[in-house]
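Trainee: This is the structure I have questions about; it appears just below.
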Amino acid sequence: MDHLPIFCQLRDRDCLIVGGGDVAERKARLLLDAGARLTVNALAFIPQFTAWADAGMLTLVEGPFDESLLDTCWLAIAATDDDTLNQRVSEAAEARRIFCNVVDAPKAASFIMPSIIDRSPLMVAVSSGGTSPVLARLLREKLESLLPLHLGQVAKYAGQLRGRVKQQFATMSERRRFWEKLFVNDRLAQSLANNDQKAITETTEQLINEPLDHRGEVVLVGAGPGDAGLLTLKGLQQIQQADVVVYDRLVSDDIMNLVRRDADRVFVGKRAGYHCVPQEEINQILLREAQKGKRVVRLKGGDPFIFGRGGEELETLCNAGIPFSVVPGITAASGCSAYSGIPLTHRDYAQSVRLITGHLKTGGELDWENLAAEKQTLVFYMGLNQAATIQQKLIEHGMPGEMPVAIVENGTAVTQRVIDGTLTQLGELAQQMNSPSLIIIGRVVGLRDKLNWFSNH
């Protein structure tokens, strides 16, 4: 270990930055956030430093560097574009046993600045020892995505509860289980973020007083259309916290690779015309796992409330009194159209968009007359097997046969395939494609040749 990671208490302690440019400004923000009593020395300053000085947040010393500026300091940073001056600052600090950071010169510094994830009072620092700052930044970004934005407020609140929790729960095991519940409770985090004291109190009392082996909860998470990069930040956090993940065929392997390693995985994949697991059985799986006290994520392709039968699953949980929440996802219509260069709406071609399922309950019939109207875009989910019928019905109800159409297979994935043509060709085009596919019908499809960006990557 080349460097010892430490967290310094700098509040109301004298610190010095030598340098008045953009790099010095970034360092100054960190020291000000830490409550340091900051002096900045430079020949000239960018406007932000002047604004801070006018607000009484720091002291500016304009002119050449003088070693006496270090006499009362606990910490110094050399952040000029003059290597000789930076070295001089470092040597003067070293002589006074003051830790000094030299920007972009780790070998000349007695300490280095890590990449920081600030969820105060929770702080995470990532460092490559100065060998690869870009790698440290990339790791910080990945960790940022895993830590909820309001986690710091929850951590601070937890500190206020420690005494009561110690009284309420006799053993370390019980306390640990309580804290695990508290830190993953979305309602408490949101209540703290909104400063909703009533909700904070209610949620806290519920968490403290309910049995530790209480019923679990189910989180319905939309996985998006395929590309793992389109999974929402909150969706990622939920699958990282799950005890059980119940998922279907439309969830990509890349997304499943993000699931917590020790979580149980239950595949309930379905295909058009063939159900691996009946819907009622899926409902019972969710219910059964939650009743064991587990945190269950029902992971569904696209958005769970758009042709995902999410509402049916939640009704079962609601009737059984199981707590649940929903994390929406990017629906296939948005993802597939964007990755195919087809805007769903356009001032010249479409003032509305219709999302339509290719599957209806027995006896169901679509309003084909309204669907055949101009100035709109139609998006058919699960319509591949019904493409010939869709073609026939729309033409019968007045849609022009030359209306542009596109079919998107495996939308947003690296294996995405798009085929386009006219409405009179739709049934024939569908025979060339495989599920999962999405059908898009409307004048906006004609923009695809101009706006198709994804196939060029």
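Cβ from N, Cα, C; glycine included.
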Trainee: Per Swiss-Prot, which of PRO211, PRO225, PRO278, PRO400 sits in the S-adenosyl-L-methionine site along with GLY301, GLY302, ASP303, ILE306, THR331, ALA332, MET382, GLY411?
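Mentor: Given GLY301, GLY302, ASP303, ILE306, THR331, ALA332, MET382, GLY411 bind S-adenosyl-L-methionine in Swiss-Prot, the matching entry from PRO211, PRO225, PRO278, PRO400 is PRO225.
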Trainee: Around the Cβ of GLY302 (S-adenosyl-L-methionine binding site), how many other Cβ atoms lie within 10 Å? Please give the count over every shown protein chain.
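Mentor: A 10 Å sphere around the Cβ of GLY302 (S-adenosyl-L-methionine binding site) contains 28 other Cβ atoms.
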Trainee: Identify, among the binding-site residues LEU43, ALA332, the residue whose Cβ has the fewest other Cβ atoms within 10 Å in this structure.
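Mentor: With the binding-site residues LEU43, ALA332, fewest surrounding Cβ atoms within 10 Å: LEU43.
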Trainee: Can you check how the pLDDT averages out over the region 'Uroporphyrinogen-III C-methyltransferase' (216-457)?
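Mentor: Here the predicted model's pLDDT, averaged over the region 'Uroporphyrinogen-III C-methyltransferase' (216-457), is 92.
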Trainee: Using a 10 Å radius around its CB, how many other CB atoms surround SER128 (phosphoserine)?
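Mentor: Other Cβ atoms within 10 Å of SER128 (phosphoserine): 16.
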Trainee: List nothing but the one residue from PRO225, GLY411 whose Cβ has the fewest other Cβ atoms within 10 Å; the candidates are the binding-site residues.
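Mentor: So among PRO225, GLY411, the binding-site residues given, the one with the fewest Cβ atoms within 10 Å is GLY411.
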Trainee: Between GLY411 (S-adenosyl-L-methionine binding site) and SER128 (phosphoserine), what is the CA-CA distance rounded to a whole number of Å?
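Mentor: If we compare the Cα positions of GLY411 (S-adenosyl-L-methionine binding site) and SER128 (phosphoserine), the gap is 38 Å.
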Trainee: Of VAL23, ALA44, ILE306, the binding-site residues given in the record, which has the fewest other CB atoms within 10 A of its CB?
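Mentor: So among VAL23, ALA44, ILE306, the binding-site residues given, the one with the fewest Cβ atoms within 10 Å is ALA44.
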